[in-house]
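Only one structure is covered here, and it is reproduced in the block below.
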Amino acid sequence: MKRKAILLVGILVTLMLVTGCSTRKNTAGTRFYHALTTRYNVYFNGNEAYKAGLQAQQQGNKDNYMEMLPLYPIGNKETTGIGTSDYERAIEKAQKAIRQHSIKRRPIRKPGRAYTDEYKKWLARREFNPFINRAWMLLGKAQYQKGDFPEAAATFSYIARLYDGQTNITSEALIWLSRCYSALGWQYDAEDALSRVNNDSLPPTLAVPYASATGNFLLGSQRYREAVPHLEKTARKEKNKQQKARCYYLLGQTYQTLQQPEQAYQAYSKVIRLNPPYELALSARIRQTEVMPTANSRKITGKLLRLSKDEKNKEYLDQIYYALGNVYLAEKDTVQALAAYHKGIEKSTRNDVEKGILQLTLGNLYWQQARYAEAQKAYAEAIGLIDKAHREYATITNRSEILDELVPHTNAIQLQDSLQHLARLPEAERMAAIEKIIAQVIAREEAERKAAEEAEREANRQKMREEAESQLPATSIISRPGQENAVTTPQPLQSTIGGKQDWYFYNPQLVEQGKAEFQRLWGRRKLEDNWRRKNKTVVALDDFEAIDYSESEESVAKKDTIHGNQGNETIDSSIPQKEENEKNTADSIAGDTHRPEYYLTQIPLTEEAMQASNTLLSEALYGAGMIFKDRMQDFKRAEAAFERLVREFPDFAQADEAYYQLFLTELALNYYGELPALQRAEKYKAELIARFPKSRYAKTLADPDFAENAVYGKQREDSLYARAYKHFQLGDTTTVRSAEHLSAEIYPLGQHRPKFMFLNAVTRLQGGETDQYLAILKELVQQYPQNEITDLAAHILKGVQEGRLLARDSHTFGSIWQRRNAELAEAGKLTSDSLSGSAILPPDSAFSTERNTPFLYILAYEEGKVNENMLLFEVARYNFSTFLVKNFDLAFAHERGIGMLQIRPFSNYDEAQQYFRRLYANPEMATRLSGMRAILISEANYEQLIKQYSFDDYDTFYRAHFSSIPEPELKGYTLDEPLLNLPTEEEERQKEENLPTEEDDPENGVIFED
């Protein structure tokens, strides 16, 4: 009997192997076999790799507790790369499972089988392997945790369509789809995905994931109050202890944002009770001090100061002083707040995002106080430390760029005002002020020296501790209070402390390490005083520069000549030694910041020096005023700068423009509610017209249609320029020059004025008036140095200076698709002595007609007119749902105002052509890609295109050499197999033989509900 049973089992297994291997058959046996094989073979290995990746990601995740945490660790940019190899293995296994075990062929209906609604739904399915959905979910999850959010979104979107009607599977896919969209910042799409989840019929296993995804979306939308109940449920149900602590910390931050301090305090207490890693527990304690009642500010600051003195908190002093500064700031004590933030930066041991947040906070505070030099320094430091995805990154980048322009002007104003003030003082008071500055310089240098020595001693002690710890057994772990599973070992005995080896220079290894560290930070420095300073003429109060107004023009010219001739001419060395020594002594005294002579040489004590100082001051006032007005919209400070300029420096070279800018500033102040500003505007308008009646600014304001032009002028100027450009293309020189004349008379300050001038210049060249052409270009460069057309004008002028010839047909104006690489032409890389570009090798000679070479497919568009994230998602989704095996690389590039989504690799032209045909055969994709240029180009031709040719050049070449090539047949195409395994005609004819009917009923041993 036993032998019969064994024989029967063997026969069943053999039959299963024979009948179950093919996914072309859909029987109870094939479904059972492929589900079993998927689950315990390929899927199992992939899932193990996925779990290993999750564990590595959780262990390697580093949160920034000074800012709102992301709900999921993958929200931290640095975490994205952790566990990549594990996730790639999981993706590979999931794809293999789908490829080898997916069953899409419908079973043959058993004769006489009742055609119930349930049976109809089962037959309507597009996938019949009851376990393959797990492989699909594994694929999407691994892509998500890897940080490939567009690919993951495409996967989950496809799952939702593939399993339409199977609520549990589609709900889980939509939850993960929402997480992908939130990670991409597509909040509308994330909300839409969640709205498609049937919340009423969710199984218990999906209740927490749904709450978590909803909370994540609401946080991303800054709907904090709505997010709270979802976060509470997520934190309460979370099983992983570390993630649970993170959730409660985030909940506390959310309550803190909503100004609910009591609830926030309780949430942080729950974090501490979970005994999380030490840094998280410490951060929770610090946060608790921020939500305590402000009446207890002394108690709070005392607690934070005690935390700062604890040795085990040495690594986290930046966080502690940041919290301390916030407490002071809440009390309106900005002096103490600034001191705390500076202390946090000074004590920071991590050149990381925490330090960046401190610099960002400092910069914002200095910006509010109009301390622009300090704000510039803080922002410059912050930009290099915080992530580009930070919510304030764009703001501080913009502010940093503004301050880079503004600070030289404000520093010049401060410096010249200080120097002129000293110049006007009686000699005794002037010398007393200088002696006071010298005392401040000495005191500051002494403080710096002591701080440097203390830092050096501390660094030595730290290195010795690290060396001693490195000699401990490798298995020893020095634990921190609050850390779990830590093995505590005794601290190493500091046997050398107090002995000879404690002195840094007795240890040759430490000396060499110190030298290497110094060179890494400072480079190789000459042994001299004040070596740390980039500019050794700058003193403590930033009030002086090494400007010697008393130098004569002859001495300056002589100095320039000597410097300019280094290495080319022999300098006379016959100066007597005595005179040379005296000169060196005088130079040494004049360059010594501890001597009064250093400062006296910079003070404008003569009339010529005072005039030079006034020139610097007036230019700085104008520059600062323009930045205040146009870049910062700080109209009050702009008004102060321009008003002082026209009042104190009436002979300023650009006084007419200063009046005009002051007029516009007053109009802006009136617009924002300062009614008296309108009267001041009329006053400055009258002064401008009276003092500068021939100025273009005076003509503009004197125009009786000025108010109407202010409202409709832009549209009218646009229309005038469009007409001029159209006639320029037609060769109608008269109309172009007439339009340019109208532009000068009616719109002298118009946006298109530089373009009108350029068109006028080109018509002069076409008429043979070369001198007029060059004169207009020079005027254009001088008047509009920042305009985009100026670059082209300057390029032409430079070419003429270098001896290049001008051609009458030099300029071809067209769309961005006609632009060539002007930079290479300027560098002399094109074989032409003409600026016309006509001597560039013709496309037929430069481009290759080779088809059997790697190609790429490009979707090109004008920059700024396409949502690149959405384009990437749509193409990735199309590729994923169309090609199962073939993987494409998608990358963006930008060139000459054109954006490109590059899709590769393709082995040859035929593959690229097949991809192009199939892409545009999809009606949905064809609609989405309308308006873009589709470009099929070989890698070699792409290099030529980028070097020197326009896109229209290549288009002409392509039409001549490729468009006439017969399109390859789709039969037997090499790209990939379609995702749906549809049966061939031969298989359809043989389906009766291949599919036995007695096992096709799902009731025969295999349940068709997953």
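Placement of Cβ uses the backbone N, Cα and C atoms for every residue, glycine included.
These come from TrEMBL:
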- 245-278: repeat 'TPR' (REPEAT)
- 318-351: repeat 'TPR' (REPEAT)
- 452-468: compositional bias 'Basic and acidic residues' (COMPBIAS)
- 452-472: region 'Disordered' (REGION)
- 557-591: region 'Disordered' (REGION)
- 563-576: compositional bias 'Polar residues' (COMPBIAS)
- 973-1010: region 'Disordered' (REGION)
- 995-1010: compositional bias 'Acidic residues' (COMPBIAS)
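Helix, strand and coil content of the compositional bias 'Basic and acidic residues' (452-468), in residues and according to DSSP, is 17 helix, 0 strand, 0 coil. Taking the repeat 'TPR' (318-351) as a whole, pLDDT averages 85 in the prediction. DSSP assignment over the repeat 'TPR' (318-351) gives 27 helix, 0 strand, 7 coil. With DSSP classes pooled into helix, strand and coil, the tally for the repeat 'TPR' (245-278) is 27 helix, 0 strand, 7 coil.
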